[in-house]
Amino acid sequence: MTTISLLPDPSSPLSHESAAQAFSDILDGRASEDAIARFLIDLSDRGETSIEIAEAARALRDRLIPISAPAGAIDVCGTGGDGHHTLNVSTAVSLVVAACGVPVAKHGNRAASSKAGAADTLEALGLDMERAGAMAEETLNELGICFLFAANHHPAMKRITPIRRQIGKRTIFNLMGPLANPAHVTRQLIGIARPDYAPVYADALEQLGTEAALVVSGEEGLDEVSGAGPTVAVAIGSARISARIVPEDAGVARHPLEAIRGGDPAYNAAALRQLLTGAPGAYRDAVLLNAAVALSLIGEPLEDGARRAAEAIDSGAANDLLNRWIAWA
């Protein structure tokens, strides 16, 4: 018989110990569904601290099903839930960066606020989610890319998913996803939907021992580098650096956000195929910009990174990688 634990009052910031215990109780089924819902709502309304985010992520990491990854693997991932319903930028960036020779362990899920999340769009492109998951280590080592479908690697989340759906708003679990990559990558480009949270999120990453990361948030509340205007960026590594990125830094043009508005999985999949076969426009420029920022994690200057990403597309390397991945999995 499971003993029901009382969750702490989240009206004040929690200590490391209280946060760790609370999220252990939540993930291990020692708290009632009503108590979990109230706790998550109150935490979100007050605003999560870096300690709470880090301890929540640590609890999820302790319970995930891991895979091994080659040295230097990165992840490009957003928290989702930004409400802008854009095309799948981070998914496209993952393919382009992998085609540049940098292994990408892409961690993702189905749609949070858009009509098509990474898993939905990859399925529409022909990737078999079950086989891709089973062969993730193999494709990461042989092709330089894999998709780590969150539902396959976080069994502790099974009980939490309906509670999140019932709450119907962003909670700390949106923030935890990118921090619990099953490949344990130590280099990440993470997009969050709240620019004011970038420093808090960077603090959490440092507490978790991340080697190098860029936390980015478009000033319009976009969970990626914005192709429409400025982006708040906080880099962690040998030093903490805060910066403001604009598309021109990577030598790409600005476009209104509406120009990369997404649709259902079939629509987004078709747009991604067109992008990978050389179609110009706003989607391409957004992907080049975000790929350039991702490549900066390995020391590439932004303009050089954008050129390298463009070559990966224009040479057919990124499209060929997608085809080989679909055939493999």
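Here the Cβ of each residue, glycine as well, is placed from N, Cα and C on the backbone.
All annotation found in TrEMBL is predicted automatically rather than curated by experts.
Taken verbatim from TrEMBL:
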- GLY78, ASN109: anthranilate 1 binding site (BINDING)
- GLY78, 81-82, THR86, 88-91, 106-114, ALA118: 5-phospho-alpha-D-ribose 1-diphosphate binding site (BINDING)
- SER90, GLU224: Mg(2+) 1 binding site (BINDING)
- ARG164: anthranilate 2 binding site (BINDING)
- ASP223, GLU224: Mg(2+) 2 binding site (BINDING)
- 13-63: domain 'Glycosyl transferase family 3 N-terminal' (DOMAIN)
- 73-318: domain 'Glycosyl transferase family 3' (DOMAIN)
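Checking Cα-Cα distances from GLY78 (anthranilate 1 binding site) against the binding-site residues (THR86, SER90, ARG164, GLU224) with a 10 Å cut-off leaves SER90, GLU224, in sequence order. For GLU224 (Mg(2+) 1 binding site), the count of additional Cβ atoms within 10 Å of its Cβ stands at 29 [all protein chains shown].
By a simple count of nearby Cβ atoms, those within 10 Å, the most crowded of the binding-site residues HIS107, ARG110, ARG164 is HIS107. Note on the domain 'Glycosyl transferase family 3' (73-318): its mean pLDDT in the predicted model is 94. Within 10 Å of the C-beta atom of SER90 (5-phospho-alpha-D-ribose 1-diphosphate binding site) sit 29 other C-beta atoms, taking all shown protein chains into account. Between ASN109 (anthranilate 1 binding site) and ARG164 (anthranilate 2 binding site), the C-alpha separation comes to 14 Å. Here the Cβ of THR86 (5-phospho-alpha-D-ribose 1-diphosphate binding site) has 26 other Cβ atoms within 10 Å, regardless of which shown protein chain they belong to.
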